[in-house]
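Report on the following structure.
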Amino acid sequence: MIKHLRSAADLDAATATLILDTAGEMAALAGREVKKLPTLRGRTVVNLFYEDSTRTRISFEAAAKRLSADVINFSAKGSSVSKGESLKDTALTLQAMGADAVVIRHPASGAPHRLAAWVDGSVVNAGDGTHEHPTQALLDAYTMRSRLGRLDGLRVAIVGDVLHSRVARSNVLLLTTLGAEITLVGPPTLIPVDIAAALSPKTKVSYDLDSVLPDMDVVMMLRVQTERMQDSYFPSAREYSRRYGLDLARMRKLPEHAIVMHPGPMNRGMEITPEVADSSRSTIVEQVANGVSARMAVLYLLLGGKA
Ligand code: ASP
């Protein structure tokens, strides 16, 4: 087993499949009255969050607790980080406290790689800048596999603000490893020209959502990340929705079996309409539930597998 999960590229097909299978076993546990496993009793998991998060932080916390680990939540607000303490000094503090795993979210791309050099425990990337979010990709892959039965040969459109999306990057890496075919869709300004080839030579690019939809098994809508935009990448929110938003009329262009995904948080009315988000094709709530199982699998295999 690998020691750290810093990037979806850390996972080969066998390891990724093992994590998804283990997530399936963890999901079975969620249906029981007692949801706890004693597996990580006595181990310490630190959640180190330098950026806002609702579902990811809660999800990791629930995952670690269901495995009986001791959980320390550390957010940059209210800590010495706001007094200017460096990531390295914080890392050394965690090291002194004997953290077995550190789950980190940080605005700087590559922060988990730096951290891994300073602590003895496992490092799990919970989102680093615009770079990667590998556990999101795992929970997305798990959701696709459980809804559609396979990943190999699955046609997946990832739509919208690809430029700023760590979710997109991790998904392309992981899904390609597992045999899916990816098409990135969005306005040219939000799809870096060389991204498809750089991530995977097989990844396609399209600027026309309507023409892509009829061939897809999965359409994954991305949040437009206005907080990371210094320039204007499209004329107006309305114009963006008109061309790249998923509404009911567009959803009907998808094949009957196709599913609609979104990592959250959604800009309802912008990249996705409420009717689509709340429709039976949408897996958005399921993705959140699967997130706990996927993160349990990751913590279990990184820590338990090592013992
Ligand atoms: N929650 C995801 C992330 O942290 C997606 C998003 O923020 O749009 O990357």
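Note that Cβ sites are derived from N, Cα and C of the backbone, with glycine treated the same way.
Among the candidates Arg105, Arg228, Arg238, the one that TrEMBL lists alongside Arg55, Thr56, His133, Gln136, Gly264, Pro265 as binding carbamoyl phosphate is Arg105.
When the alpha carbons of Lys83 (L-aspartate binding site) and His133 (carbamoyl phosphate binding site) are compared, the span between them is 27 angstrom.
Secondary structure counts, DSSP: the domain 'Aspartate/ornithine carbamoyltransferase carbamoyl-P binding' (3-145) has 67 helix, 27 strand, 49 coil.
Highest Cβ count within 10 Å among the binding-site residues Thr56, Gln136: Gln136.
Taking only the Cα positions, the spacing between His133 (carbamoyl phosphate binding site) and Arg166 (L-aspartate binding site) is 5 angstrom. In the predicted structure, the domain 'Aspartate/ornithine carbamoyltransferase carbamoyl-P binding' (3-145) carries a mean pLDDT of 93.
Taking the mean position of the Cβ atoms of Arg55, Thr56, Arg105, His133, Gln136, Gly264, Pro265 as the carbamoyl phosphate site, the remaining same-chain residues with a Cβ inside 8 Å of that point are Ser53, Thr54, Ser59, Ala126, Gly127, Val167, Pro263, Gly291.
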